[in-house]
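Shown next, in C-alpha cells, is the structure this report addresses.
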C-alpha cells in the first residue's frame with residue numbers, strides 16, 4: 001500500500017512533506033516523490049529510500065502547498081518514471097497528483113488519451129488520472145485556458161474511473177489549494193492552525209495535530225491553509241465530525257491495532273478486493289491474466305503443473321494442486337523447494353512451473369526455480385514484491401496486491417496467493433473446456449463476495465478471542481481438515497506454532513486412525529474444519545471419533561449449520577458460501593485463533609523468536 005501526504009500551509013511545504021513521508025516508511029516502499037507549488041509545479045522523485053529523495057530537493061525550495069508519496073509498485077517496475085507524483089500539462093506542467101489504489105479500466109482510458117494526443121511517461125495506472133483530469137479542465141493536451149476549476153474537473157474525471165483511489169491533487173492555476181478524493185482507499189485530514197494536512201494514515205501528521213476528519217467514500221475535499229471544505233457525492237457541502245486521536249506514534253502506524261498481524265488480518269478485506277481488481281468480469285464471465293505469458297493454445301497443451309513453494313506459500317500451493325486437478329483436469333505436483341533440488345525430478349513436456357513466494361527473495365524457492373528452468377520449463381511466479389529477484393528470473397509474474405506485510409507470520413499474502421491460484425485454475429479450466437462460461441460467471445459472483453464475508457468473521461472476533469484464551473495454556477493442538485480444508489488445517493497449525501510457540505499439528509482427518517489418534521488425551525484441543533461440502537459427513541464422524549477420546553472439539557462451521565453443535569464443544573462460525581471458496585473464510589478464523597492465543601501467552605506476535613520475514617538463506 002502506498003503512502004500519501006499533502007500540505008496546505010504557510011511554511012515551506014517540502015520539509016513538512018519529507019518528515020511526513022518518513023513517518024510512513026513502515027508501510028514499505030520502493031520509491032518516493034514530492035511536488036511543491038513554487039514558481040510553478042516543481043516535482044522531485046527518487047528510487048529507494050527517502051534520503052535519496054531529500055538529496056534531489058533544493059534546500060531553498062519555496063512553496064507552501066505540496067504533495068508527497070511513497071510507492072509500493074503495482075503497475076510498472078520501481079523507477080523514477082513510475083514514482084509519484086504524476087503530472088500533466090506539457091510545458092509548463094499544470095497538474096500534479098498522488099494516488100493510492102488501483103484503476104481497473106486504466107488501459108482503455110490510456111489508449112483513448114493517447115489517441116487524443118496525451119503523452120505517457122510511465123507504466124502506471126495513476127498517470128491516466130493526471131491526463132484525464134487535465135482533459136476535463138483544459139480540453140486538450142495543449143489547452144491553456146481552464147474550462148473547469150480543479151474540483152469540478154476532478155469530479156468529472158472520477159465519473160470515468162473504475163477502481164479504488166485516494167487522491168491528492170494540486171494545480172499551477174490554483175496555487176492556494178489542495179484537492180482530495182476518496183473511494184475504497186484510506187484518506188484522512190489533519191486540522192492545524194494556519195495549516196492543514198492530508199494523508200493515507202494519521203501517522204504522517206500526528207506530530208503536528210491530533211484533530212482529524214476521516215474522508216469517506218465518494219467524498220471530495222478542498223484544503224487551504226485556513227479552511228477545509230468537504231463535499232458529498234452530489235457536490236454538496238457537508239459537515240463532518242472532528243475526531244481527536246489519542247494514539248501514540250507506534251499505535252498510529254498500526255492504525256490503532258495492537259499488532260501489525262491483527263491489522264493485516266483485517267486488511268485481507270481490501271487486499272483480496274485489490275487482487276481481484278481488473279482480473280474478473282462478471283458480465284462477460286471472463287478472467288483476465290494479461291501478465292501470464294501463455295496463450296490459449298499453450299494452456300490447452302499443458303499436461304502438468306509443478307508448484308514450488310515453502311512454508312505458508314506451500315500450503316497455498318497444496319490447495320492450488322487440488323484446484324488445478326479438480327477444475328482444470330491438469331495433473332499437478334507440489335514440492336517443498338528445499339527438497340526439490342535434490343530429488344532428480346523427472347521432467348515432462350508440457351509442464352508449467354509455478355513458484356509461490358511472498359517476498360520474491362526466498363533462497364530455496366529461487367534455487368528451485370533456477371533448477372527447473374535449466375530444463376527449459378516455463379515458469380510463473382506468484383509474489384507480493386514488484387522488482388524482487390524472482391520477478392526478474394521467471395517468465396511470467398502475477399502479483400498479489402496485498403500491500404506491505406510487516407508481521408512475520410503471513411496472513412493477507414496467503415489469502416491473496418489463494419485468490420490468484422483460484423483465478424488461474426478457473427481460467428485454465430475455461431480455456432480447456434472443463435467449465436462453462438455460465439459457471440465462471442457464477443464463480444466470479446461468489447468470489448467477489450469473499451471480502452464482505454471475511455468482514456462478517458472479523459465482526460465476531462471476540463468469540464474467537466474467548467475460545468483462544470480458554471486454551472492458551474494447552475501444550476498441544478490438533479488441526480483436522482479434509483479435501484480443500486486440509487491445507488487450511490496445516491496453515492492453522494503453522495500459524496499457532498509460529499507466533500504462540502505452542503506445539504500444533506495439522507492432519508488429514510482420515511489419517512487420525514493411522515497413528516495420530518494415539519496422541520489424544522482428555523481435554524486436548526482439536527480444531528476441526530467442518531464447513532459444508534462433500535466431506536462434511538465424514539468430518540462429523542472424525543469429530544465423534546475424537547470426542548470418544550474425551551478431546552475438546554473446536555469446530556469451524558457454517559453459520560446455518562444446526563447439526564454441528566451436537567458434537568462440537570465450541571463452534572466458530574463462518575458465512576455459508578460455495579464449498580470451493582470455504583478455505584478463504586476458514587483460514588481467517590484460524591489466523592485469529594492463533595493471534596489471540598499468542599496474545600494471551602504474551603508472545604512477540606509481530607517478531608516471533610528465531611523467524612525472519614524473508615528467508616534469504618538456504
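Keep in mind that glycine also has a Cβ here, set from the backbone N, Cα and C atoms.
In this structure, residue 2 (active site, nucleophile) belongs to neither helix nor strand by DSSP; it is coil. The annotation active site, nucleophile is assigned in Swiss-Prot to 2.
The active site, for Fru-6P isomerization activity annotation in Swiss-Prot covers 613.
Summed and averaged per residue, pLDDT over the domain 'Glutamine amidotransferase type-2' (2-226) gives 92. What Swiss-Prot records for 2-226 is domain 'Glutamine amidotransferase type-2', and it gives sequence analysis as the kind of evidence.
Taken from Swiss-Prot, the feature domain 'SIS 1' applies to 295-434, supported by sequence analysis.
The domain 'SIS 2' annotation in Swiss-Prot covers 467-608.
Marked as region 'Disordered' by Swiss-Prot: 72-91.
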When a 10 Å sphere is centred on the Cβ of residue 2 (active site, nucleophile), how many other Cβ atoms does it contain? 27
Taking DSSP helix as H, G and I and strand as E and B, the domain 'SIS 1' (295-434) has 64 helix, 28 strand, 48 coil
